[in-house]
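What TrEMBL annotates here:
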- 6-25: transmembrane segment (TRANSMEM)
- 52-73: transmembrane segment (TRANSMEM)
- 79-98: transmembrane segment (TRANSMEM)
- 105-125: transmembrane segment (TRANSMEM)
- 145-163: transmembrane segment (TRANSMEM)
- 172-193: transmembrane segment (TRANSMEM)
- 213-230: transmembrane segment (TRANSMEM)
- 237-261: transmembrane segment (TRANSMEM)
- 273-292: transmembrane segment (TRANSMEM)
Amino acid sequence: MVSDNEKGLVLAVASSVFIGSSFILKKKGLKRAAANGTRAGIGGYTYLLEPLWWVGLVTMTFGEIANFVAYVYAPAVLVTPLGALSIIISAVLAHFLLNEKLKKMGVWGCVCCIVGSVMIVIHAPQEQTPNSVQAIWKLAMQPAFLIYVAASMSIVLALILYCEPLCGQTNVLVYIGICSLMGSLTVMSIKAVGIAVKLTLEGINQVWYPETWFFVMVAAICVVTQMIYLNKALDTFNAAIVSPIYYVMFTTLTIVASAIMFKDWYGQDTESIASEICGFITVLTGTVILHATREEEQASLRTMRWQESGKSFNEEHLLSLYRSTEYQESKTPLC
């Protein structure tokens with residue numbers, strides 16, 4: 001007989017495979033769409049007509065559903081760290097299918113991000129699951145969580161209105177920051193909806209409560225916003241860079257949001273707190289390494305283009321001199 005933990009493990013691994021593959025499928029779809037219209041990175045929506053992008057979207061949906069169901073059977077400390085597998089899968093597929101080479105330092109950056117995230121999740125406190133949607137609503141109305149929501153939305157608006165026009169095409173943290181902040185709110189609202197569905201299936205009807213539909217509306221808005229800016233990030237930056245940074249920021253902010261809303265941080269010992277701090281430091285180190293790798297790659301690409309342009313200029317200059325010499329020789333009378 002298969003235990004609940006084994007079911008959760010299989011679902012979590014399947015979720016990582018689907019999500020990791022979806023990054024690559026959507027990236028290829030965005031590239032095809034950019035060849036036939038306006039790029040998503042500059043506000044285009046041509047990718048909506050690209051079948052491969054929709055395949056990636058469906059694949060990601062299956063992955064998210066599998067991940068959601070995995071939490072029903074297994075604890076978060078088992079399911080969440082396995083999300084790091086999606087980074088490895090997307091990086092390997094990007095290497096072979098998108099020709100996006102990840103250098104050795106980039107690999108170490110990914111390793112640091114994964115290790116740090118796993119440390120954070122493993123030592124994260126257990127959450128108390130409410131027994132009704134109204135109980136979740138009371139938790140959502142706590143002053144601390146309302147401050148988190150207000151701060152998150154303020155940062156998102158600042159990133160969209162101010163940072164995106166200035167450095168959205170050059171700084172990956174702009175798009176990923178929007179996705180991650182909205183993603184943390186998505187998880188909170190989807191968790192509320194999931195509890196409502198579970199209770200309804202158990203005979204305790206939660207459909208008639210307006211709080212249930214409010215959480216559904218919030219989840220829908222957050223998911224759509226996430227998808228739009230994740231597409232922009234994938235269209236603008238290397239998928240092997242987007243995946244780990246998105247995973248790290250999304251995981252970290254989700255843990256913080258859950259801890260604030262469900263008061264999970266109370267009662268932690270010193271060892272757990274120290275381990276979480278070490279995890280955050282490791283994550284930051286990996287992020288810095290990934291950014292350094294990205295900047296080095298862009299600098300090398302600019303140098304290569306400059307050399308190619310200089311070479312072509314020199315070739316044209318020499319060719320014009322050669323033609324000029326030939327013309328002068330043809331005008332010289334023979335003795």
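Every residue gets a Cβ built from N, Cα and C, even glycine.
The structure displayed is predicted, hence computed values, not measured ones.
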Fill in the blank from the handout: Across 79-98, 172-193, 213-230, the most C-beta pairs under 8 Å with the transmembrane segment (145-163) come from 172-193
Handout entry: Cβ-based contact of the transmembrane segment (79-98) with the transmembrane segment (213-230), 3 or more pairs under 8 Å
Key = no
Problem - Within-chain partners of the transmembrane segment (237-261) [C-beta distance under 8 Å, separation at least 6 from its ends] - result: 20, 23-24, 27, 80, 83-84, 86-87, 90-91, 94-95, 98, 100, 102, 106, 109-110, 113-114, 116-117, 120-121, 124-125, 127, 139-140, 142, 144-145, 148, 152, 172-173, 175-177, 179-181, 183-185, 187-188, 230, 280, 283, 286-287, 290, 293-294, 297
